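Here the structure comes first, spelled out in structure tokens, and everything after it is commentary.
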Amino acid sequence: MCTAGKDITCKAAVAWEPHKPLSLETITVAPPKAHEVRIKILASGICGSDSSVLKEIIPSKFPVILGHEAVGVVESIGAGVTCVKPGDKVIPLFVPQCGSCRACKSSNSNFCEKNDMGAKTGLMADMTSRFTCRGKPIYNLVGTSTFTEYTVVADIAVAKIDPKAPLESCLIGCGFATGYGAAVNTAKVTPGSTCAVFGLGGVGFSAIVGCKAAGASRIIGVGTHKDKFPKAIELGATECLNPKDYDKPIYEVICEKTNGGVDYAVECAGRIETMMNALQSTYCGSGVTVVLGLASPNERLPLDPLLLLTGRSLKGSVFGGFKGEEVSRLVDDYMKKKINVNFLVSTKLTLDQINKAFELLSSGQGVRSIMIY
């Protein structure tokens, strides 16, 4: 039965309030308006950022449908949409690409000004929602909201991919691209260099893969879960360190082991202390640190300017510096086995098991859970 132009009733995991489990609900998804795309979600990953919203580390309005790392099929399109058509396989983009703002026109940034990461409206461009539940509008997350069987996104926030792409390609929508790109695009790791990756979760593992792909000769994985060390070594880390094993700051240990510090550090843990350790673990004259983790909005880096004055640099990175137009190439590379994302998948669940996925994430078990719809 054709559903284009009609409301769709489907299942979704709704976060009614912070610090509470998600609730599996029946919601209504309105048809896409002009320059919008309605997508049938096939699979979605569970990212630490989703958990950070629930913990109020990332500000959001409630009730909200979380999720931003997915793959799906276009169900219908609104007026004026030319980039995709019904039936196309796509990845929603939490960092859109309008093509006309300063960031989109620059080769130095991928942070499109039409993103909803800063505005925090939780609404579409016309300031309304496409989701309703129990008679109430439900907010979206960064313009994507993938913990639902159907979602609506702007046409600038969708990447068409190979129709044969496996469901695991959903991880290119955030986790893999974020870590991998931080190494190859943002840090610009060079052949023969030394690297340290702080935080051995999905993003950290992807950063290790990126460092290895860029030709780093030494990659130090840093984490407190020793059960993650074998996977880190398998992916390219040359050694792993647990800060709890030392009676001195881990940056001092790393500097002692690397003749004054590594060339590049990537921070994926989201803790102020870890960010400072990452920065101080780099060589004073030229070290580059990339911060990916999200700390509490009430916390600030206690930064001594002297750490930067000598030549270090501190950078941030979102979605690994990739623009939306590059996502299809990443999927193609994955299908050609030039890159691999399968190592991220530790558990496959269904939408009604979503709270179990969050429990696994919070406990540090596994790497990444994906939900198959």
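Positions of Cβ are set from backbone N, Cα and C atoms, glycine also.
For reference, Swiss-Prot has these:
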type: MOD_RES; residues: CYS2; note: N-acetylcysteine
type: BINDING; residues: CYS47, HIS68, CYS174; note: Zn(2+) 1 binding site
type: BINDING; residues: CYS98, CYS101, CYS104, CYS112; note: Zn(2+) 2 binding site
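All protein chains considered, the CB of CYS174 (Zn(2+) 1 binding site) has 32 other CB atoms within 10 Å. Between the CA atoms of CYS47 (Zn(2+) 1 binding site) and CYS112 (Zn(2+) 2 binding site) there is a gap of 21 Å. Cα of CYS101 (Zn(2+) 2 binding site) to Cα of CYS2 (N-acetylcysteine): a span of 36 Å.
Listed in chain order, the residues near the Zn(2+) 2 site other than CYS98, CYS101, CYS104, CYS112 are PRO96, GLN97, GLY99, SER100, ARG102, ALA103, LYS105, GLU113, LYS114, ILE156, each with its Cβ within 8 Å of the site Cβ centroid.
Listed recorded positions: CYS2, CYS47, HIS68, CYS101, CYS104. The one with the lowest count of other Cβ atoms within 10 Å of its Cβ is CYS2.
Cβ neighbour density within 10 Å is lowest for CYS98 among the binding-site residues CYS98, CYS112.
Distance noted between the C-alpha atoms of CYS112 (Zn(2+) 2 binding site) and CYS174 (Zn(2+) 1 binding site) is 16 Å.
Using the Cβ center of CYS47, HIS68, CYS174 for Zn(2+) 1, the list of other same-chain residues with Cβ within 8 Å runs, in sequence order, GLY45, SER49, ASP50, GLY67, GLU69, PHE94, THR144, GLY173, GLY175, THR178. With respect to their backbone Cα atoms, CYS98 (Zn(2+) 2 binding site) and the residue listed as 'N-acetylcysteine' stand 30 Å from each other.
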